[in-house]
Structure formats: structure tokens, C-alpha cells
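Comments concern the structure below.
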């Protein structure tokens, strides 16, 4: 046929869309005998592509077609015609170009930024600049109009400019109006000093720096010169000196006063010495004079009085009404390297009780503002009040109260306003909380209590959930996101001030694992929490807001740990007593119990070493440990394994966990020695990238810390019940109260990837209990324990391989705790009569185990990973038809009974991958891990 001719190609764009149409018009095709046209096809493609798309024309007489939903770009278009002799002719290629007609519309608005554009068409640019008083986040500031009809690029984010804390000036005090753009810092010389006449105000400038002429304060001269006019004495900026007789009187009064004070000091000190039969030789001599009006009076019991009522003081929070403390040379300085020995010695002598008893308690300064009738309802506890000298005073521009139960607290090195310690907000003080956060320019909050504990309210929820917005006064808080870890939750909010129209990002770190009573058993979860806090340090602006319920116990404990960890790292020694004593001068009763005081020491011991390793440095670190023979030393430290106890060990290397059992003379010492090198800190691997850190000590000591011993006071009550003794393969390998995981799970340490963290089994409440009854009884015991994962609590259940008399209990465990995954770290041993095959031997066979029916559905063998996979269907006997739970068992066949590790360590990688895939398909129930 004749060569076809495309007469015209036109494109059409559609507003708000990145797709349009192409209209193709061609010359009418004429049939002539054998040149009868039988097929007409339009081909088109992007000019950047080699692949043609085709559209067949239904009627050969047509002369136009519209190509729908074509993405904006430059296209080549051609037309082919085929006649009845199957001869094809092709037109020349014509260009269809959307780009000249493309428009992206107005560029997106960005808060606190101005934008200039070169247009709104293809490849036009929109350049953003932060408004005065705001600074960019360092990202690219230009968006480009793309083929998708959208503005693309890294959008600028303008945050409020901040200059941080103004510079300190010797012998000068400073008051600021804030730390944002154009805020002022006004300096005033301290008493006895004078300025140099220069400007006393610094201004926060556009370059995020305080600018202006700094004040210089010099001591006022005290020399006097004789004047010639009238014979009067004149001093340089000073009043005339007192007469000689006046000086004599003053000296006499001071001397008498001094003698009286010294006499009192000596008398009281001698009385104290007589009362003490022993003195701790490892500490600096103590001189402490104090008077308590109530040594141990009636303790209050907290309880909401409703609405604006005031709660009573919690156990241990009762405050003495008066207290005199001269704070003379009281110090307990301990070198970091001596901490373990110091703590061990103190515990044996019950010396911590005496050390803690030296601390001032009760009201140490005026609390007039807190005692005002209008402010009393704002106090959560009636006897926990902020001192006037350090309390946070809210601005009253809007006519509202200036009171909130919160105090400024100094940090390490006497850094001013490093923290704000406050009570957990009540419903009636939530607005005050956000007023304080905005006023003090704080953007990081630490919460150390849960909303309710032990059935009682501890703190009101002062934040919105993720994706929600709440308003308190003129503050609008939006929940941006929430990330949950095993021990804590991180939340991010947007806080907007409706009066100023400014917006800030606020981060809340919520530690959720502080037990209802006492302290956490180990310090490394809290230190991991602190590591996450340190990762946010570059974003921190104002004081760190720390609260629990009363704002003194857990709050004081964390602040003390934070200060002392810095002191240990910088100076090589710590003084816990002086630190807590200093905290109590700023907010009453900080670190409110002896347990919390001892816990600070425990945390410092655990924080001594740093074992968190970035993934990129893991191989290098491992090679260095092996080359320098430090790996065995690190393992020995974290397992508390002394050579003297080797004879007590089981002959089977696989049972190396029980080394730890024999090491512990008492559980107090065990806590300290174990904690010495857990490297809690490491746990907080999260830093900037939660997936990029591995804690070497945690990997090794995940289960080692959770050592069992044969001491009766450590074993859970349930494990020793006569009806349960026969359920334990080994009487000394059971869940315990002060440890955590049965040593029988020695092989489970091979599972310790970054998700394997620790278990904290303090009581029978923390073990997995059986719920489904059997034969009229409700015995809830099985030899098992929960293990926390990296982001989930109780992510694992670790247990012994079922014995013949515990098979039913095993399936009760699986059903009651909705576990669909079993990891069996050994192959079946037919010669071991203590281990039971707890599943049907033949496929499609259904077998009853107590209240449950189990059917083996499928068996598969992964030769590469040496893993045998069995799939079961678990149904309740006589239960509803169709209610079936699918359980998969992953049996590792390559780990011999006498081998401490599998022959091929890569099998664990394969095994973990298989388990992860299965877990994703079947929910996130706990993974049950067992061996004999």
C-alpha cells in the first residue's frame, strides 16, 4: 500500500493530573484492488525508551484515534498499514511532546518560609528561604517541576532559630527572655563586682549566635583615700568605713558566735561517734549535723481525693517538717575502678543504710508559693512541694497562675538549668505542663512512670495519641508518631502556640518498665533508655524535663545516674552521696528510698564498660578481641565465672550456665558482680539507627545474667510446690525470683541476635501461667520463662523439652499464650526417656493431648539449613468446629548433644530467616524455644 501519512499529533494535559491524551490524525486510506487495507496500527513510545506500545484501529476507515492516560513526557508516534497481501507500510515518526504544556501549579507552602519561582512549567524551579527568625534543616532548598506535574526535591523545613544558653560570664548573673531570634540576655554583675560600662545585653541574631559586647565584672576596690575638701574619707564607689570602735565590736561578736558554733559542732559530733560502733574505713570521714523532728513517723498512703484534691504521700515519701544540716565535709568519693569492691563491702556491712541515712530529708527551704491556698490543688502529693528558690515560675501574661510543681536542677559541672524535675501532671495541670515546656524552650521529656500502676493513677495522659490532636489553653499538640521498644516508648509531637503561631517538635521518652514497687532488677534497660536520650542530644534545646509521679524518687534516681555517669567518664571517680545531697537542696527528697540509692551504684557499675558496637565495626572489634585474647575475658566477666568454681560445673560443656550458679554466695553479691559488666549501656544500641548497633556483652550474657542457683530464697514458690517438683527435669533448673531464665535453655543463647535481650523474672507474676483447665484442676505451672525481645516484651518463651508428664502442659502453654512457633534446638533422642515426642508420628493422624487435639499436617526438610519443619493443627477437644490454630515446629538437627555450638554456624542465619517469615505470616505471638 501507499506509505501512510500522519497529518497531525496533538497533546492535551489535565490540571491536577500527571497524565494526558495524545490525538493522532492521519490521511484517509483509500482501497484500490489488491491494496485493500486490512489493518491499521498506531505505535508510540517514550523517546527515552526502546519499547513500542501499539493500538490497533478497529475500523480501517478511521482517520483519528485518541491515546488515553499517557504519562507526561516526549513521545515518538508512527502509523503502520497492512494490505490484504500482508504487505505493511510505515509512516515517518512524529513527535508528541507534553512537556511544553505541562504545569505543576503553585509550589507547596512551607511554614515560616518564602518561595520564589521561575515559573510553574516543566523544569521550572521553586527556591525556598526561611523567614527571619527561622533556620533551615540543611536540606536542599529547591524544588523542580517534573514530568509528573509535581514539585519534587527535598523540601526545606524551617525551625525556630535558637541560640541555646547564653555564654556564662564570671561574677555575673543573666536573665533571658528566651533563646530564640531577637531574644535578649541581660547581664548584671554580682554583689561586690562592677561592670566595665559596656553594653550589658546580648541579642540572639540570625546566625543563631548571641551577639553584642559582653559584660566584664571586676571586683570593687576597697581602698580608701583622704580627700582635701573638708577632710572627709572618700572610697572608690564604696561607703565610708566603720570606725575603729565599730570594727572592734563586730570582731568580738563574730568571735563569740564562732566559738559557740564550734562548741555545738564538737558536742554533736562526739555524740554521733559514741552512737557508732563501726566506721567505714574506705570512705572519707563524715561530719554531718542534722536534726529530725520525726525519725520515722506515720507514713501516708497516696490516694486521689478527686478533682482538684491532693494525694497523700506514697510509702517512703513522708517528709520531716524541719531539718538542720550544716553539710560539713560529707563525702563518699569512690574511684570508678573500686566501685565493685566498695559496693560489695557496703552490702556485707549494711553500710548503705548508714550512708543513705546521712542525707537530709524533708523540707530544706521555703515552699511559700506551693502552700498558697490557690496552689494546693495543683500538688499531686500534699507533702511533695517545690522550693521557692528553684521552682519554675510560669509567665503570667495571660493572667493565669505562675505556679507549677517543678524545680530547676543543675547538671554535671553545676550546669545551670540542665533539668526540670516535676511531678506527673494532673488533669487540672496539663495546660501548665505545656506552658512550662514552651516557656523553658524544652523539647525533650522523660517520663518514668506509667499512667496507672498497681491499679492506681500515677500520671494523667498529657499528650495525644499518634495521629490525633488535642488542645490545652492556647497550645495545640499533635501526635506525630510513636515507636515502641521492649522497655520504653518514644513519641514525637508537634506543639503549636496559637498566640505566636509558632510550632516546635517535642520528643517524649517514656520508660515503661519500672516495677510498681522498688527498682528495676538490672540497670541496663534504664541505661539503654539513657543511650536513646543521648542520641537525641543534638536536637535538645532547653532543660530536660524529667518526671515520674511525685517527681522525686525515680526522677531523682535518673538525674543522679545521668550526672554521675558523666562524672565517672570525666573525672574517674564518683560521689553518689554528694550528688544526691546536692539534688535535695534543689528539690525535696530526691532519690527517696534506700533501694533507689543503692540502684544508682548498681547502674554506675553496669555503665563502667562500653560494649555497644556498630555493625560496621563488629568484625574489626571481634578480630581485636580474639587477637588480644579479650573475648574469653569478656565472656568470663559477663558470666561471673571464676576459675575456683570449675570443679562444681557439670561435665557437659553445654551446661556452662550453671557455672554462674556456683559463683553466687548471696544474691546481693550476684547482682553487683553480674551487673558490673553487663554493659547495660550497650543495650541502648539504638542511638541514631536502631538497627546498626550490637551489644557484645548482651549477646553473650542474655541468659547468663539470668542464672539460677539452688538457694531456696531465689526459687519461685510455684517451682517448689510438691505438685510441681516432678515437672522439673532438674530440681536446680527452674524459674527463679531474682534471676530470670532457666539454665536448661543453654542452647537458646545461640538464638541471641539483637532481638534477644533479657528476661526479668522477679516473681511468679512474670512466668507464663497455664490457664486452660485439665481434669478439674487449674495447675498453672510449667518450667518456662518469658524473654523480652528488642521491641516487644515477652517476645519469647523459653522452656525445657517436654517430659512424658508435661506434654499436655506444653500444648496448654502454646494455646494459652497464642504461640504459633516452636524452635526445637535438638533432634529427637529415642534413648532419652526423660524427653517426650510431643506430636503424632504419622501425618494426618490426630492425637489427643489433654484438652487439645494435635494433627501432624506436613513435614519438610531443609537440607541446607539442617532444619526439619513440622506443621501441626491444634484444636481444642470438643471445641467449636473450624477453630484451628496452625503451629510450626522448626527442629535444628545439626546441634549434637556434646557440642557447645552447631557444626555449621550459618544454619542459624537460615533458621532465623525461616522463623521470621513464618512469624510475619501468622502474627506476632511469642516464639517458644526449647531443648532438654
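The backbone N, Cα and C atoms fix where each Cβ goes, and this holds for glycine too.
Automatic prediction, not curation, is the source of TrEMBL annotations.
Mapped onto DSSP classes, the domain 'Fibronectin type-III' (5-101) shows 6 helix, 55 strand, 36 coil. Annotation comment: TrEMBL describes 5-101 as domain 'Fibronectin type-III'.
Sequence annotations record features per position, and here TrEMBL assigns domain 'Sushi' to 102-160 (among others).
Annotated domain 'Sushi' per TrEMBL: 161-219 (among others), in sequence order.
Marked as transmembrane segment by TrEMBL: 247-272.
The feature region 'Disordered' is assigned by TrEMBL to 283-311 (among others).
Feature annotation from TrEMBL assigns compositional bias 'Gly residues' to 298-308.
Averaged across the domain 'Tyrosine-protein phosphatase' (352-607), the predicted model reaches a pLDDT of 93. For 352-607 (among others), the entry in TrEMBL reads domain 'Tyrosine-protein phosphatase'.
Taken residue by residue, the domain 'Tyrosine specific protein phosphatases' (527-598) breaks down under DSSP into 45 helix, 6 strand, 21 coil. Taken from TrEMBL, the feature domain 'Tyrosine specific protein phosphatases' applies to 527-598.
According to TrEMBL, the feature region 'Disordered' maps to 637-693 (among others).
According to TrEMBL, the compositional bias 'Acidic residues' annotation covers 641-691.
Positions annotated as domain 'Tyrosine-protein phosphatase' by TrEMBL: 719-932 (among others).
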(request) Rank 5-101, 102-160, 161-219, 719-932 by Cβ pairs under 8 Å to the domain 'Tyrosine specific protein phosphatases' (527-598) and hand me the top one. (result) 161-219
(request) Report the DSSP secondary-structure composition of the domain 'Sushi' (161-219) as helix, strand and coil residue counts. (result) 0 helix, 23 strand, 36 coil
(message) Counting by DSSP secondary structure, give me helix, strand and coil numbers for the domain 'Sushi' (102-160).
(response) 0 helix, 23 strand, 36 coil
